[in-house]
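Trainee: Take this structure, written in structure tokens, and hold onto it; I'll ask about it next.
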């Protein structure tokens, strides 16, 4: 057993998990449960009353966090300590949304001035492009942006841009390319005019396979459509640490934005990786996005555990994963603009906490990161919600909804809200056999048929959920929401004693993929790998089954 599972508190939680009454009873016995188990901060309201929890549960979970030295680990992250131990790096995405007055030290120097300098450079660039001052090779202004990246340099900018569609004020169009499948970039290029298109290449090394391949394809298209090598600088910019490779490609050194080792890809949208966002919503709105995240950082760093929103959410996720065998967690966004958030949180959580050894290399004897999935309400109600209500797996849920719509048409938002709240009630309350029989009492079915149908209509309830509300979706509230989930992810990893900031599973896939690519291009049949891989490579080379 590990130190964590040997602890008295862990054992107490394991025993306590079998003693919690049904949530129906918890609500019936405590009229103040909603007010006692809800919290408001940073423009967000969290109702966590529909969880399998009593005051004793919360006390035990907070004790577990204290024993794991969560407070000290939070301070270590914000202080710039080397908490990404396998890569010997600080973890300071929080510095990207710091204020100019702060001082944050990494590797012996204050990094805030460089962060502010980069924001100012972004400001100048955005102004130049959106004002029409930036001209393409034929003297025309830019109309379309193509953001080329992968992972965090793709998903963050895409999802945030999508979420903030009501704040697109610059008149530009933005297209996102990530997949190395040639169809992806080909379909985008069909829509574009090389004279008015600007490409943003985002890769720390300027060598990420998918990103470089797509960028080279974009460059070939640009040159084939009338541009010259000397014109590349007018249509390509980069976010990278490898200035030499970017300039060799043809990008002007003045149009290269920095990336830092102390920012992981899945936490990078707050940096110059967010250029596509800023080009769509303007720098004032981009700074509001940063402001909302900074407010959540401040809350996370200073609020006591019992009143700390990321801590509460992280502890409940751990509670269900480790003591109720919950293998997945569903995120349900009741706002069309937020439909991409489940995919973003999926990457954030699963890439961070999909680990199986502790910081000292001991194999864990408890579950770590769950499968994160989800979708858009109310669509999911006509699909996978069936499994949530009557399936055999326990799947905790997060419901996210703004109280006010950007498009208040008729009763649309009232119906959306009623569905959201109704789903949380149904998951908690369920339907008993007696209630199902009562609903069938006036039917013409025989008593035997009524009993049979009633059994099929029973729902156990007691299915946990959180509800997150905001007044309205704005750059500021979105920033706070994303930072909330970042810190929630950190809380779990800190208690599990794993490194939430490396991704060696991703790295292995990259290296093996490169090896297979070399074998695909070889003259002789593949024979050096396992029989399955050899067979697949040879079939691919034949081009037919």
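Every residue, even glycine, has its Cβ placed from backbone N, Cα and C.
Copying in the features that Swiss-Prot gives for the protein in this structure:
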{"type": "ACT_SITE", "residues": "351", "note": "active site, proton donor"}
{"type": "ACT_SITE", "residues": "382", "note": "active site"}
{"type": "ACT_SITE", "residues": "510", "note": "active site"}
Trainee: If you count other CB atoms within 10 A of each CB, which of 382, 510 wins among these active-site residues?
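Mentor: For the active-site residues 382, 510, the Cβ with the most other Cβ atoms within 10 Å is 510.
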Trainee: Cα-Cα separation of residue 510 (active site) and residue 351 (active site, proton donor), in Å?
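Mentor: Residue 510 (active site) to residue 351 (active site, proton donor), Cα-Cα distance: 15 Å.
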Trainee: Compute the C-alpha separation of residue 382 (active site) from residue 351 (active site, proton donor), stating it in Å without decimals.
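Mentor: Given the Cα positions, residue 382 (active site) is 29 Å from residue 351 (active site, proton donor).
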Trainee: Cβ-Cβ under 8 Å from residue 351 (active site, proton donor), same chain, 6 or more residues apart: which ones?
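Mentor: Set apart from residue 351 (active site, proton donor) by at least 6 residues yet with Cβ under 8 Å, we have 151, 266, 503, 506.
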